[in-house]
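Swiss-Prot lists 33-53, 77-98, 113-133, 178-198, 226-246, 288-308, 320-340, 347-367 with the feature transmembrane segment, giving similarity to another entry as the kind of evidence. Annotated heme b b562 binding site per Swiss-Prot: H83, H182, in sequence order, evidence recorded as similarity to another entry. For H97, H196, the entry in Swiss-Prot reads heme b b566 binding site, with the evidence type similarity to another entry. Under the heading ubiquinone binding site, Swiss-Prot lists H201, citing similarity to another entry as support.
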Amino acid sequence: MTNIRKTHPLLKIVNDSLVDLPVPSSVSSWWNFGSLLAACLAVQILTGLFLAMHYTSDTATAFNSVTHICRDVNYGWILRYLHANGASMFFICLYIHVGRGLYYGSYMYSETWNIGILLLFAVMATAFMGYVLPWGQMSFWGATVITNLLSAIPYIGTDLVQWIWGGFSVDKATLTRFFAFHFLLPFIIAALVVVHLLFLHETGSSNPTGIPSDPDMVPFHPYHTIKDILGILMMLTALSMLVLFSPDLLGDPDNYIPANPLNTPPHIKPEWYFLFAYAILRSIPNKLGGVLALVLSILILAIIPLLHTSKQRTMMFRPLSQCLFWLLVADLLTLTWIGGQPVEHPYIIIGQAASVLYFMIILLFMPLTSAMENHLLKW
């Protein structure tokens with residue numbers, strides 16, 4: 001008799017995605033981050049749901065409701081810190097996932113890649129709005145500064161900002177709508193994840209060698225289910241260590257001060273995972289130019305498939321491109337550091353140099369190096 005998982009309409013979908021899915025035998029642990037991201041999303045939705053039961057999205061009570069969750073709700077503190085630090089784990093996994101896609105040429109599956117870019121924007125928007133909800137000083141001023149960037153859009157900018165704010169400043173209406181969107185977006189992200197997987201399973205997974213792996217496949221279960229479970233356990237262990245030993249390590253102390261529109265903090269900065277983009281924004285003295293650079297720093301991922309000039313798909317056998325890739329990683333770490341520093345010498349010039357280098361590596365150095373490697377292959 002045929003197994004029910006292969007005949008039942010619903011189980012068949014699960015079976016084809018998680019059990020009998022053929023996977024290249026050479027995929028390494030860098031391919032684990034998709035499942036880690038799914039685990040992160042599940043943790044965020046679950047903890048967020050329970051936090052939303054106790055949170056109030058009103059400027060008068062938002063800060064106190066978060067304090068109430070931490071002090072009075074059973075295990076509320078662990079829910080709050082799991083959610084806050086879970087976002088950090090989410091972005092660590094997300095950036096490694098994108099980095100793996102760049103290194104191993106996964107962007108050649110353009111539909112999957114483009115949905116991935118949409119997902120990245122959606123997760124960033126969700127995280128930004130979530131940071132506003134505790135209504136501390138950095139929440140309020142972060143929301144004010146970042147939403148104000150839209151005023152750089154010619155003609156409609158000012159009206160657009162006031163429309164988003166629901167008034168003439170970040171206030172009660174802003175907080176309420178941000179909470180509504182912050183609750184809604186993760187479910188949209190979950191739907192996009194399904195589309196992302198749908199496109200991925202049309203082509204099958206890429207592999208470290210970059211050559212077709214049709215003759216050499218293994219079933220997803222048990223090999224990759226065990227591998228993914230191990231990865232998830234390691235990630236949850238790291239998250240637990242962070243939550244239980246130093247929950248405020250990645251947060252800003254200013255966010256423990258209730259929002260005060262009359263008192264501007266000396267250094268307004270977003271969470272660590274946005275600092276690289278914030279540094280690029282600040283490195284351009286012109287407001288509109290800065291906003292364009294900020295958007296392009298992520299949107300540039302969309303044109304990477306067009307800039308692929310190499311005859312080989314992955315960087316596995318391309319040492320010059322590997323050097324450039326790790327230079328890009330170092331540059332992003334430099335930008336992250338600069339984003340957290342005050343706007344003064346020498347940080348300004350370092351930020352500007354790192355910002356120029358970021359775009360130069362992607363737009364110029366990588367395609368040229370790939371073309372040069374093609375030429376060297378003829379020798």
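In case you wondered, yes, glycine gets a Cβ from its N, Cα and C as well.
Swiss-Prot feature annotations superimposed on the structure.
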residue: H83; record: heme b b562 binding site; Cβ contacts under 8 Å, 6 or more apart: Q44, T47, G48, L51
residue: H97; record: heme b b566 binding site; Cβ contacts under 8 Å, 6 or more apart: F33, G34, L37, G116
residue: H182; record: heme b b562 binding site; Cβ contacts under 8 Å, 6 or more apart: G48, T126, M129, G130, L133
residue: H196; record: heme b b566 binding site; Cβ contacts under 8 Å, 6 or more apart: T112, I115, G116, L119
residue: H201; record: ubiquinone binding site; Cβ contacts under 8 Å, 6 or more apart: D16, S17, L21
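Proximity of distant same-chain residues to the transmembrane segment (113-133), defined by a Cβ-Cβ separation under 8 Å and at least 6 residues beyond the stretch ends, is recorded for 55, 57, 62, 66, 87, 90-91, 94, 97-98, 101, 106-107, 139-140, 142-143, 146, 174-175, 178-179, 181-182, 185-186, 188-189, 192-193, 195-196, 199, 270-271, 273-274, 298-299, 301-302, 304-305.
Residues of the same chain lying 6 or more positions beyond the ends of the transmembrane segment (77-98) and with a Cβ under 8 Å from any Cβ of it are 30, 33-34, 36-37, 40-41, 43-44, 47-48, 50-51, 66, 69-71, 116, 120, 123, 127, 130, 235, 238-239, 242-243, 247, 250-251, 271-273, 301. Counting residues 6+ beyond its ends, the transmembrane segment (320-340) has Cβ neighbours under 8 Å at 99, 102-103, 269-270, 272, 274-280, 282, 310, 347, 350-351, 354-355, 357-358, 361-362, 365-366, 369-370, 372-373 in the same chain. By the Cβ criterion (under 8 Å, sequence separation of 6 or more), the transmembrane segment (288-308) is not in contact with the transmembrane segment (226-246), since fewer than 3 such pairs are found. Proximity of distant same-chain residues to the transmembrane segment (226-246), defined by a Cβ-Cβ separation under 8 Å and at least 6 residues beyond the stretch ends, is recorded for 29, 32-33, 35-36, 39-40, 43, 78, 81-82, 85-86, 88-89, 93. With a threshold of 8 Å between CB atoms, the same-chain residues lying at least 6 positions outside the transmembrane segment (33-53) that come near it are 69, 79-80, 82-83, 86-87, 89-90, 93-94, 96-97, 100, 182-183, 186-187, 189-190, 193, 228, 231-232, 235-236, 239.
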